[in-house]
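What TrEMBL lists as transmembrane segment is 112-131, 199-221, 227-247, 345-366, 386-406, 432-455, 475-497, 509-534, 554-575.
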Amino acid sequence: MGSIEEESPLIEEGLISQEPKLYAQDGSVDLHGNPPLKEKTGNWKACPFILGNECCERLAYYGIAGNLITYLTTKLHQGNVSAARNVTTWQGTCYLTPLIGAVLADAYWGRYWTIACFSGIYFIGMSALTLSASVPELKPAECIGTFCPSATPAQYAMFFGGLYLIALGTGGIKPCVSSFGADQFDDTDSRERVKKASFFNWFYFSINIGALVSSSLLVWIQENRGWGLGFGIPTVFMGLAIASFFFGTPLYRFQKPGGSPITRISQVVVASFRKSTLTVPEDAMLLYETQDKNSAIAGSRKIEHTDDCQYLDKAAVISEEESRAGDFSNSWRLCTVTQVEELKILIRMFPIWASGIIFSAVYAQMSTMFVQQGRAMDCKIGSFQLPPAALGTFDTASVIIWVPLYDRFIVPLARRFTGVDKGFTEIQRMGVGLFVSVLCMAAAAIVEIIRLHLANELGLVESGAPVPISVLWQIPQYFILGAAEVFYFIGQLEFFYDQSPDAMRSLCSALALLTNALGNYLSSLILTLVTYFTTRNGEQGWISDNLNSGHLDYYFWLLAGLSLVNMAVYFFSAARYKQKKASKL
């Protein structure tokens with residue numbers, strides 16, 4: 001990726017008028033704590049190491065996650081619903097732990113050291129998982145005919161212990177690495193700001209290069225050469241991810257941690273409550289703010305006052321007592337406008353943030369019910385037996401195709417109609433992704449209708465045998481899901497970086513990832529509720545171990561309907577959203 005700077009779309013041509021500056025002006029520092037020279041730090045020269053880290057780390061993650069449901073059903077001998085629930089619960093946890101890493105990064109360690117420390121935890125978890133699938137005493141017993149003995153408590157402990165160490169380790173990487181990459185571009189420089197928008201596209205491209213190898217080569221190795229080797233290779237790549245990250249250290253720009261964002265939010269709530277009887281002045285200039293150029297929050301620019309959530313403005317009202325004493329140091333009684341606006345921004349983001357929950361529930365189907373649907377189809381391509389999880393390759397290929405198309409062609413074309421430098425605003429881009437996700441679930445439901453119709457015609461309902469319809473019929477739903485990702489997930493990454501307060505960027509990235517956690521948990525909940533309500537009175541249910549006697553198509557239509565409602569709510573919320581306005585340092 002070292003030539004991205006030369007190959008990236010020159011969308012800054014004709015748009016840039018300011019004179020270049022010698023040092024970055026966004027509050028970042030170099031390795032030695034000095035203002036970073038633009039010529040020697042950051043920009044695309046630092047990004048190959050970050051992108052390489054992300055590519056290898058995602059290869060490791062998807063090397064586990066992509067085919068995990070197969071391991072749970074064939075090696076740990078779990079049922080379809082139980083295995084799907086375990087997968088979505090673990091994946092949900094992987095997107096919940098970023099809240100831990102985000103708070104540590106924003107408040108204390110900074111993004112660099114948070115990534116470094118949690119990468120070590122991640123590597124230990126990967127190693128434990130590899131041992132659980134390699135050491136005979138730790139491997140679950142194989143089935144003897146139709147009898148499949150349960151794994152021992154020690155085997156469960158080793159496997160799930162490693163699995164959840166990975167979940168913890170990824171919690172320090174996920175919320176920081178995209179933000180750390182974006183930190184390499186000076187937000188006050190229009191040249192670098194435009195390149196930063198392109199960075200998010202290539203960042204997601206790197207994720208999917210790693211996922212492509214996992215969903216094709218690693219899945220085949222796991223099912224044909226053994227799970228020990230199939231888990232061991234991702235462990236090696238995780239080691240390479242750590243090495244790649246450290247190699248780039250001299251080139252990085254670092255943002256200083258600004259103190260605990262949770263503390264600052266709490267201070268605003270407490271201060272506004274304490275001053276509930278005071279009146280907010282009509283002139284916002286009378287609200288408290290530091291008089292010097294910089295914000296009171298380390299590494300943060302000042303944020304302009306907005307008129308919404310005026311009750312919170314009471315936290316920045318200077319009382320007569322404070323005015324007489326001249327003491328403005330107690331942040332639990334008096335907060336700056338910038339501090340108040342941080343909380344307002346989070347409140348404004350909430351409806352946009354919530355849209356990602358159902359989108360992520362749809363995305364979770366790729367590693368759960370899409371795989372189970374594929375296992376009930378003909379997986380032979382000529383003489384080759386295609387693992388159903390390998391169909392995830394088409395989702396990844398879709399992303400790899402769409403990212404350059406979006407960056408090179410869609411952006412310049414869209415700019416002509418929208419007048420936006422980067423083609424679409426983040427909110428517009430996410431809206432397109434939500435619409436495409438509805439099409440994905442509709443495509444999956446249609447394939448399932450065809451599969452069930454054929455199963456009924458051929459008398460395969462009772463036997464539960466795979467239906468002789470090629471698993472390649474699933475390609476459209478995977479390809480459409482990849483297009484939805486390019487629009488929604490990349491737009492989400494950019495939205496939560498650009499619109500978040502400077503000193504809360506890791507936290508806001510974690511909140512974006514939290515929608516993935518909640519989406520996976522929602523998927524588990526929907527599976528549980530659907531199973532409960534459709535199996536009453538002795539019915540087979542929509543999702544049974546024998547999918548030929550179920551109605552997986554109804555489940556997909558349910559998700560399509562929820563996605564449609566989600567899209568409508570999103571468009572309503574997006575129309576009312578107010579953009580952040582930050583001043584320069």
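Cβ coordinates come from backbone N, Cα and C, glycine included.
For the transmembrane segment (227-247), the list of distant contacts is 49-50, 52-57, 59-61, 63-64, 67, 71, 75, 115-116, 119-120, 122-123, 126-127, 129-130, 133-134, 210, 214, 218-219, 221: same-chain residues at least six beyond its ends, Cβ to Cβ under 8 Å. Among residues of the same chain six or more beyond the transmembrane segment (112-131), those with a C-beta under 8 A of the stretch's C-beta atoms are 53, 57, 60, 64, 101, 104-105, 138, 158-159, 161-173, 176-177, 180, 228, 231-232, 234-235, 238-239, 241-242, 245-246, 249, 252, 254, 506. The transmembrane segment (199-221) makes contact with the transmembrane segment (386-406), as judged by at least three Cβ pairs under 8 Å among residues 6 or more apart in sequence. Away from its own ends, the transmembrane segment (386-406) comes close to residues 62, 66-67, 69-70, 201-202, 204-205, 208-209, 211-212, 215-216, 219-220, 222-223, 366-367, 370-375, 377, 379-380, 423, 471, 474-475, 478-483, 485-486, 490 of its chain (Cβ-Cβ under 8 Å, at least six residues beyond either end).
When the stretches 345-366, 475-497, 509-534 are ranked by Cβ pairs under 8 Å to the transmembrane segment (432-455), first place goes to 475-497. At the 8 Å Cβ threshold, with sequence separation of at least 6, the transmembrane segment (554-575) comes into contact with the transmembrane segment (345-366) through 3 or more pairs.
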